[in-house]
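Just below is one structure, and these are the notes that go with it.
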Amino acid sequence: MKLIEKTMSMNQFRTMEEEKQDGGELFHTIEVAKVDRNNVSQPPPAATAALLEVPGDELNLIPPLNFSMVDNGIFRSGFPDSANFSFIKTLGLRSIISLCPEPYPENNMQFLKSNGISLFQFGIEGSKSKCLPGLENEVWLHIWSSKHQKEDFYTNGNSKTSEPFVDILDQKIREALKVLLDEKNHPLLIHCKRGKHRTGCLVGCMRKLQKWCITSILDEYKRFAAAKARVSDQRFLESFDVSGLKHTPMSFSCSNR
């Protein structure tokens, strides 16, 4: 074998390898180009500027507080405001489920109207004290654990109170679930004030229909509620009866779990 090296024009080098095979000669040719690093052309300034140009709307995609995807076509968050509108538009929503009892802000209503988004509002009080004044968490839990005892009343000081909040919560969650599980309403966003407790209860009840184990349901609830996790909410999720909703159609991704 012998190597033959020749100098080529245009600063190129050609190396030829000569091999003898079966009495014949086989040549392999390799061309190597020498690059002058001092003479590399640069893109024009206009082209560089075009590469860096980003539409203003894309720089303002701010998700609402505690935003997350729940399932295909289902999202959750805290109460969205005008800073979140550009982001929400990217979701292509058909519906919003609001779990807040307060009148929906006019600015938000205008946004929904201009984007063809339907609003389903199921007002659930966010503070236990507003529904059960003066009752501590332990007493509220006792109310919840006895919710099927129709004649049961509970004393707080010298006053008596029944269990209105438990029944209202159960009723509102069931109404909201019917909207949530109807795929005609998807894509859909669920929200309360901060996307923790009321939203967590609704999502947790949906998980029961998806046959999640209660440990996983509570883990998801606590992941969003964090240090604000309420024992009362967790008891509600443990006790929520889905038997009357088992025939509700669910065709989205996790329905067969």
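Cβ atoms are placed via backbone N, Cα and C, with glycine included.
Residues or ranges marked as domain 'Tyrosine-protein phosphatase' by Swiss-Prot: 66-251.
The 1D-myo-inositol hexakisphosphate binding site annotation in Swiss-Prot covers Ile168, Lys172, and the record cites similarity to another entry as its basis.
The C-beta environment of Cys192 (active site, phosphocysteine intermediate), restricted to residues of the same chain at least 6 apart in sequence and closer than 8 Å, consists of Gly78, Phe79, Ser98, Leu99, Cys100, Ile124, Gly126, Arg198, Thr199. The active site, phosphocysteine intermediate annotation in Swiss-Prot covers Cys192.
Among the features that Swiss-Prot reports, site 'Transition state stabilizer' is placed at Arg198, with the record citing similarity to another entry. In the three-state DSSP scheme, Arg198 (site 'Transition state stabilizer') is classed as helix.
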Between the recorded positions Lys172, Arg198, whose Cβ has more other Cβ atoms within 10 Å than any of the rest?
Arg198
Ile168 (1D-myo-inositol hexakisphosphate binding site): secondary structure state under DSSP, collapsed to three categories:
helix
